[in-house]
Amino acid sequence: MAFPLQKTFLCSNGQSFPCSNGRSTSTLLASDLKFQRLNKPFILRVGSMQIRNSPKEHPRVSSAAVLPPVPRSIHDIPNGDHILGFGANLAEDHPGYHDEEYKRRRSCIADLAKKHKIGEPIPEINYTTEEAHVWAEVLTKLSELYPSHACKEYLESFPLFNFSPNKIPQLEELSQILQHYTGWKIRPVAGLLHPRQFLNGLAFKTFHSTQYIRHTSNPMYTPEPDICHEILGHMPMLVHPEFADLAQVIGLASLGASDKEIWHLTKLYWYTVEFGTIEENKEVKAFGAGILSSFGELQHMKSSKPTFQKLDPFAQLPKMSYKDGFQNMYFLCQSFSDTTEKLRSYARTIHSGN
């Protein structure tokens, strides 16, 4: 994942059953959202409105300006020009803030991501023994909860990766697995991308992923996405065709969206891909990466403390919270196909101008 903060059964021969609408995720086209505007380059202006950053929970609207050009391919999306935080520059409350060696390590890994060119193999990271121990502890602890807490699609996909506590997977290997099943690719990133760039990447079936790992002082906690979150939270779900469609629909909706719409789409991503839950046989199971990559969040989700609501993409969504402890509320999906259709309906209002 690259900004703040989450089947059909996969056959043994490497093929996947089609989505419920009869199409594999590779045939999900931009035309589904009426993207005639993608046929030629252009710059969008939304009336005379501009959205400007604000310290408040949502952006502030002010007078005329031009939105960024709409990317026509993943090549048009910068990789690292707008890193919002973390990366090698850590906040004072970060576990690794006072560890100069850790910060230098993060900086080196971030530099590799910044230099990466699309089409080239993702740089391999030679993880240290300490980093490998962190990965092993996280994988071992989370694997204890997955059978009872994770959705069935996650459990079906998980074995495809052959995760081992003895080795941190490399992004290039994982990217090849995603390509094989759903046509998605991974692109390394130095830290938290601007939401517009991150969401735009999803439209082109590209997932921006960090490569650094959380600080060794607290293996079960990270204030930002790291390689453990990316691998254990996101990768198993992205080989599931219907979930991959869901993520891509959010990305397609972001192409040419105003800053205000980007903010709403960011929340939709947050409450589905990051912290989404789904009902299975009258039980709540996790499919969001922010839950699946957190031992404490998984336990909290199954406790009596949080509340659950149905997702309405058109409604005003609660403030995103990732530093105030666990989520107080989760959105509960009935199915991935149903949620995707709801998101697609919302996306049509963005691109029809309504």
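Keep in mind that glycine also has a Cβ here, set from the backbone N, Cα and C atoms.
These figures come from a predicted structure and were not determined experimentally.
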Considering the Fe cation binding residues HIS229, HIS234 given in Swiss-Prot, which of GLU261, GLU274, GLU279 is annotated for that site as well?
-> GLU274
Within 10 Å of the Cβ of HIS234 (Fe cation binding site), how many other Cβ atoms can be counted across all chains shown?
-> 27
